[in-house]
Number of protein chains: 4
Amino acid sequence: MKQLSESVVQTVVRPRPQESHKGTFGRVLIVGGNAQFGGAAIMAASAAVYAGAGLVTVATDPVNRSALHARLPEAMIVPFNDRQALKAALAAATVIVIGPGLGTDEAALAILQTTLGGITPAQTLILDGSAITLVAEHQLPVEFQNVVWTPHQMEWQRLSGLAVKEQTVAANTKAAAAIAGTVIVKAHRTQIFSPTASYENTTGSAAMATGGSGDTLTGILAAFIAQFGYVDQTVCAAVYAHSAIADGLAATNYVVLPSMVIAALPHYMQRIAASGAQA
Amino acid sequence: MKQLSESVVQTVVRPRPQESHKGTFGRVLIVGGNAQFGGAAIMAASAAVYAGAGLVTVATDPVNRSALHARLPEAMIVPFNDRQALKAALAAATVIVIGPGLGTDEAALAILQTTLGGITPAQTLILDGSAITLVAEHQLPVEFQNVVWTPHQMEWQRLSGLAVKEQTVAANTKAAAAIAGTVIVKAHRTQIFSPTASYENTTGSAAMATGGSGDTLTGILAAFIAQFGYVDQTVCAAVYAHSAIADGLAATNYVVLPSMVIAALPHYMQRIAASGAQA
Amino acid sequence: MKQLSESVVQTVVRPRPQESHKGTFGRVLIVGGNAQFGGAAIMAASAAVYAGAGLVTVATDPVNRSALHARLPEAMIVPFNDRQALKAALAAATVIVIGPGLGTDEAALAILQTTLGGITPAQTLILDGSAITLVAEHQLPVEFQNVVWTPHQMEWQRLSGLAVKEQTVAANTKAAAAIAGTVIVKAHRTQIFSPTASYENTTGSAAMATGGSGDTLTGILAAFIAQFGYVDQTVCAAVYAHSAIADGLAATNYVVLPSMVIAALPHYMQRIAASGAQA
Amino acid sequence: MKQLSESVVQTVVRPRPQESHKGTFGRVLIVGGNAQFGGAAIMAASAAVYAGAGLVTVATDPVNRSALHARLPEAMIVPFNDRQALKAALAAATVIVIGPGLGTDEAALAILQTTLGGITPAQTLILDGSAITLVAEHQLPVEFQNVVWTPHQMEWQRLSGLAVKEQTVAANTKAAAAIAGTVIVKAHRTQIFSPTASYENTTGSAAMATGGSGDTLTGILAAFIAQFGYVDQTVCAAVYAHSAIADGLAATNYVVLPSMVIAALPHYMQRIAASGAQA
């Protein structure tokens, strides 16, 4: 496995082209946030906005509207159980995330199926959290090219059939190869398996072990792909950046909350872009 | 075209008269924010408050109430589909903005028509976002004197009939002359066409290319006109200030979000007013 | 008229007694905030909490609940049109504010009447904003001992019958003497008329001329009376402190918003208490 | 009584094990927050998240949803009067808090009874605020091993039968011995009575005497037990840390609000963990 370093972020996060507009930096759709887990969608959307996605829409339970806009007026909102509205939002997006706080009930399954049915080859789909569990449980076919999976170890067990103890590099590599797209197995040292290579993250600490860390990574990943394209380097840069920011914050914070990482994103990315531009 | 510089802001943003009260600094009404795009109205209203408007009311979908007040208790709220309440709010305002997050459906059209029907010559009307699209689509007559339009390039295409590629200075000048009031064509280098002159902004960068930037400019513009009157200099100062603040923030932020620009407004304006007072 | 100086705040805001609990610092009830003006009640309550009131309850339209708690979880809430709940809240309070964002409709009048009917001699009542207008319009008797009125010049006109131009010190003094309690006439230089003396504030600037400044003063006043008792000095200290904080903020802010003043209250009060303790 | 010092926090708050995930740091459930006192549950949950609990769920009145998520997207929410949802949340938790803002009506009693009926020996239960009042009023049996009570002096009077004036160390010790688990009697100098020892806090000041201080302590306590286990030292560390943070803030704040203490938790804990690691 290749070991990630800051250079992958420097390669990806470059100064923005001046002749551009918000559409240049992509349209992210986050599908998630039921009545119990609304915060997950809010955190993923916040991370996407602060990581530079041009436009971010959240398809969610309408009960999450006030909190979403109170934290993030920059986002737009559609009710996720309005099938027509969801389809329209899917069609308008360049990167779609499904899963943060989606839950695993019948309504969630229906939303996932609508989403899977609305993806086109030009779009990138990120499957996260309960969407992974639902795909595994219901054996849903996911056969797009541009797909990223972001399971933690238990979700990876459900998707791959590998018990957490069996999740060696060799076993993970083999299991990931059987699945479309890229798999990010989140752990103390997160591993990334793309169709052509595998990578191990070198940053991150136990200070990040708190609810919402995964949702935050997913939002960063969506924004990075929206801006920099779906290639291995982009995925690696998102994983590295998320943990590197948290490591910086962990120097003065016993626990690093998602809202701290989100607030720090624009500074981190600008520091990287400026240092890369000088190099 | 005249090139804008900081001196236009120094000319406009002067120390406040001490014998004054909140009414001295104008009453801004923001009409916008449907159930999908409520954040746009929140950002425009926030910009208006932080840019110094004396009183700010938001006529919006009531679903946006909690988020608006959670972010901005300084604003007041009326339900935009309550025709009598909207009319009363229109009558009380000195500057009216219509468009941020208004949408383009039938309800939006009705609200726009009520608004256009309620403007008096002493008021200034700012047409933004979907209000421009609606005016263009429905060929609504807008023949007031004190009008500012704030289209981005696609909206300008709809309003002027000029495709984005055809939007040269000469063509824009000619098209703007056929429209009442002042037109601000938002682009990498924003252009301003008043009835008597044209101007090009010299600030701004790709860091601002994110959802809500336009809403923020609109709010600043409304507050500036409410305080400093509807003249070319005021419009130019608002455009310049918005981008200049963002440029300052872009030194340390890869993406400059509306909420960052809004928070920085009182400091920027005070710096300008103090430096102008010394000059 | 006596001119106020920082010494009045130093006399009032003293280090807290260590043998104390939250009840020691009073129970403030804010009655206000209808569906249009909810922010006013939120700002008044926030000022009361940040100025040190032991417990703060807001009797308001329930539509303001989410925004209130999103900004200020420290406050409690009761629905202001639930007469029994309002009466219970009134009975539990030591200082009652009525008026911020209350409005002037029939519902507001009923709430005002319930409030006036529930005040006991040991409590202090602060009448603000639309409550003053309602008292003037409906000639409601207000004959308690511990009463403070906080009209701006137009509200003072309604209450006293003096047109703004006629509001000289002599005329104000005479008019205030005919009214129970203390009158604070808010203007560029705010005047205070107690039953035994009159005072003029020496702080404050046009930077404070923005929606919500009055609500903020009212909240500070309530908290100061709750902690330091209803005497002239307490009222003077609240007026002075509000403007002095704003003056400090105005050095770097073109407009000083209520939320800025509120956030600065604990620091200002501690600086005063520490300097007073050393003197 | 043993006098607490910073060393107890250093003993408890140690650098996190690197091979860990959010489950390692416990699952806290906060049961509380009715329509009047929603802020209490929000503050307790915020303190739990910022003090490092791995996952935090709030069982509350759904009217508190928007404010909770607007402040704390990191938390999850279940409606506390949905008995099945509450039972499921109880079963999933490692530490359960009941009481902050729960109220004392019939609905509150039913929720308390469901909660008491759902506790297993492996879980720790913290009884706070109105839950203590309800237990005392209704003589509810609470006979679990891992229980912490956090009464203020009036609640302790209701639970123990000791009038506030009678609450001497000797009397408190005797009364606490008759009650299961650990009792924290909150006062100017908070006392802790475990089954085997008693402790007196040495930090804290009148600046903390404001609504929500108790809810904040409860949240810290829950997070500490979730991470460090239910032993005397953990309880003592939570009490000491809460007041020590407030003492630090009181140097520059006349009143120390819960939101200030909450925001300071990650820094304080990291400073302690780093200093302890070096020792």
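Each residue, glycine too, has its Cβ placed from N, Cα and C.
For the AMP site, TrEMBL gives C:K186, C:A187, C:H188, C:R189, C:T190; the one candidate out of C:G211, C:G212, C:G214 that the record lists there too is C:G214. C:G101 is the residue from C:G101, C:G103, C:G117 that TrEMBL records in the (6S)-NADPHX site together with C:A40, C:H152, C:D215. With the fewest other Cβ atoms inside 10 Å of its Cβ, the least crowded of the binding-site residues C:A40, C:A187 in this structure is C:A187. Each residue contributes its Cα atom, and for C:H188 (AMP binding site) and C:D215 ((6S)-NADPHX binding site) these two points are 16 Å apart. Of all Cα pairs drawn from C:K186, C:A187, C:H188, C:R189, C:T190, C:G214, which the record names as binding AMP, the longest spans 14 Å. Within the set C:A40, C:G101, C:H152, C:D215 that the record links to (6S)-NADPHX, no two Cα atoms are more than 15 Å apart, and one pair reaches that distance. Summary of the (6S)-NADPHX site environment: with the site residues C:A40, C:G101, C:H152, C:D215 set aside, the chain residues having Cβ atoms within 8 Å of the Cβ mean position are C:G32, C:F37, C:M43, C:A44, C:G99, C:P100, C:D128, C:G129, C:S130, C:G211, C:G212, C:G214, C:T218.
The binding-site residues close to C:T190 (AMP binding site), defined as a CA atom within 10 A of its CA, are C:H152 out of C:A40, C:G101, C:H152. Filtering the binding-site residues C:A40, C:G101, C:K186, C:A187, C:G214, C:D215 for a Cβ under 8 angstroms from any Cβ of chain D leaves an empty list. Put plainly, the binding-site residues C:G101, C:G214 were compared by Cβ crowding within 10 Å, and the winner is C:G101. Those binding-site residues from the list C:K186, C:R189, C:T190, C:G214 that have a Cβ under 8 Å from chain B Cβ atoms: none.
Cβ contacts within 10 Å of C:T190 (AMP binding site), excluding its own Cβ and spanning all protein chains shown: 22. Cα of C:R189 (AMP binding site) to Cα of C:A40 ((6S)-NADPHX binding site): a span of 22 Å.
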